[in-house]
Structure formats: structure tokens, C-alpha cells
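Novice: Below are the C-alpha cells for one structure; questions will follow.
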Amino acid sequence: MPHRSESERIAALDAALEALCGAFGPSGHEFQGVAERIAEMVRPLADELRFDALGNLICIRRGAPGAKRVMLSAHMDQCGLMVTEITDGGFLRVAPLGGLKPSLLFYRQVVFANGVRGIISHESAVKENEAELKHLYVDIGARDGKEAGELVSVADVCAYAPFAVRLHGGLFSAPAADDRAGCAVLIEALRELESPAYELAAVFSVQEELGLRGATVSAYGLRPDLAVALDVCPTGDTPNAQPLGIKLGSGPALKVMDAHSVSHVGLRGHMQSKASELGIPVQLEILPYGGTDAAAMQKSRAGIPAATLSIPSRYVHSAVETVSLHDAEKAVRLLAALLEDPAAGGL
Ligand code: ZN
Ligand code: CO
């Protein structure tokens, strides 16, 4: 039973999102910022907290004795760039960590784990619409290669500099909302829960953007009976958008399928009927591309029923990923209610 009001949950999500989107954590480098921040936030909500060998943060909440185990996964990594070369002139050449296109990167600010800032531009001899990643460079203000080498090294990584904006209607925009929005929903659902009907393994996974690597190993280690991923999904509600039936602010989405998973039909149906029981509007997501941690979890061992609860997001992988706090609040309520209802254990 919810014990906070809707506006209290929204305020908590807003604060959690700002804290999480402000934390550093390109894929493989989650330990340099975001992992510790999430650990601090979930420590009071956990019966047990640990990191595994790849750096996944696993938060265990024990249920009734003999209860089935549910793995919940929200990835804490964000796309980033790795320094591949420092030029004699003091500029940085970079390689992407995750799905970043050049057009998303032009004239953006980035930050390194040590606080060094940079700006991305492209070779001026190359036209903007023809620029590829190899034509980009990061300008950190160094006078030459020697000075740049005192600030950063080859193999260091950077991410979009954090900058949170609130738009009208409860929209929140910041880099890394994919998937810190999922992390925030998971944290707030753990806070909301009173008596889970399952043993919960809430995983804040690593390296999702590089191919679901963290969830692959954590699902293997945890042997869950059921699994739910929490991630963002793109919308089709902007001018001349791709034809996707997802609208920001119209409620969380239940993934039917994407390029890497088909949600378990029984589990998705159970989520759908729980939502209608609670009067929470949900949208159905059918995505011809993309993938979430559910794809890794469902293929673990001999197979695990898995689904994805999605938070609609505009401008995915840009520096202005935009989500609705109202959608996130509904996702929190739906997830908490699902985890308090033993019915899904029959799947
Ligand atoms: Zn994601
Ligand atoms: Co992503």
C-alpha cells in the first residue's frame, strides 16, 4: 500500500534523478561515480548490498521464507567517449562507448572523472552532415599535446557534462536519463514497498550500452525465477517522428518486444492487469530496434520469464534525454504493487 502522496513521490523522483544524472558513469567506469552514489541511496533500503566481479551493484531485499526470487535490473552506465589519441596540438581523438552518433555530439560539453572539461567539435574541412566519429575531437583548452597529457591520458573516458532542466508539465531533461530514470524508479519502488512477496534482487547493472554485459553475469549468478528490466524507450510524439505509439506523459510502457527480446506474455499480461486494477494508464511498446537487460536475463541458464517496464524518453542518447516525472511516478507505483502481489509467482 502506498504510504506517500503522489506529489511526495514526484519530489523524491525529481531529487533522485538530479543526483543520479549528475553522477559520472560511462560504461565500464560506473565505479568512478554513479555506483557509489546509488550504493549510498539504497543502503538503508537493503538487507544486503554487494558488488559483483564486473561491478554490478546488487541490492537484496529478503521476502517470506521460500519466496521466489525476482531480479530487477536498471543499468547505471551511460554512453561515453574514450580518449584514443592526444594530438600534438593538444586535442583529443575519441572512440565511442555505446551508441553515440556524431550529430548528437557536436558542440556538447563533456567531463572526465577528474573534473577536466571539454567541448566537442569536428574537423572544419568536413561538412557537419558528413562528419563521422573519426572527424570529431575534444578541445580541453590545452595549448599542446604535452599540456593535454598532464590533464588526461589515453584510455580515460568522458561523458556529457551534467545539466538538468525542468520543462513544463513535469518533464525532466538531462544527460544519462537513460537509464538513471530506471535506477530512480527502482530505488523509489524499493522505498515504497512494505512487504515484498518475493526475494528481491535489485541490480544496478554495468555495461548495458556495450551489449547487456552486466545483466548477463548478474542473472547467471542470481538465478532468478522472474526478471524485470527497467529502462527508457523512445517516443513517437515529436514533429514528423518515427511511427511509434508511445507518448511522453501518457504513462509507463510495457514492452511487447524489441530487437532483442519478446517480453514473457504471461508476465506482461500480469503487469497489464495489475496496472488496470490500480487505474494506472500504460502504453504498449513495440520497438523494431533496441534492447534492454531483459534480453540478457531471459536467456540466462535455461531461460527466465522476463519483461521490461519502460519509461518513455525523448532524445535518447543525446545530452537532453527527456522523461516525464509523472510517468516515472506511475512506474514506481506499478512496480511496488507488482512486487507485493504473489500472483506472478505462478508463472
Ligand atoms: Zn538504457
Ligand atoms: Co541506452
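Cβ coordinates come from backbone N, Cα and C, glycine included.
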Novice: For the Zn(2+) 1 site that TrEMBL assigns to His75, Asp231, which of Asp47, Asp52, Asp178 is also named?
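Specialist: Same Zn(2+) 1 site in TrEMBL: Asp178.
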Novice: Of His29, His317, His326, which one shares the Zn(2+) 2 site with Asp178, Glu209 in TrEMBL?
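Specialist: Among the candidates, TrEMBL records only His317 at this Zn(2+) 2 site.
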Novice: Starting from the Cβ centroid of Asp178, Glu209, His317, the recorded Zn(2+) 2 site, name every other residue in that chain with its Cβ within 8 Å, sequence order please.
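Specialist: Going along the sequence, the neighbours come out as Gln78, Cys79, Gly98, Gly99, Ala176, Asp179, Val316, Glu321.
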Novice: So around the Zn(2+) 1 site, His75, Asp178, Asp231 aside, which residues have their CB within 8 A of the centroid of those CB atoms?
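Specialist: Neighbours found: Ala74, Asp179, Ala181, Gly182, Glu208, Glu209, Leu230, Val232, Thr292, Asp293.
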Novice: Can you tell which of the binding-site residues (His75, His317) has the fewest other C-beta atoms within 10 angstroms of its C-beta?
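Specialist: With the binding-site residues His75, His317, fewest surrounding Cβ atoms within 10 Å: His317.
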Novice: Rank the binding-site residues Asp178, Glu209, Asp231 by how many other Cβ atoms lie within 10 Å of each Cβ and give me the one with the fewest.
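Specialist: Sparsest of the binding-site residues Asp178, Glu209, Asp231 by Cβ contacts within 10 Å: Glu209.
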Novice: May I ask which of the binding-site residues His75, Asp178, Asp231, His317 is closest to Glu208 (active site, proton acceptor) if we compare their C-alpha atoms?
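Specialist: Going through His75, Asp178, Asp231, His317 one by one, the closest to Glu208 (active site, proton acceptor) is His75.
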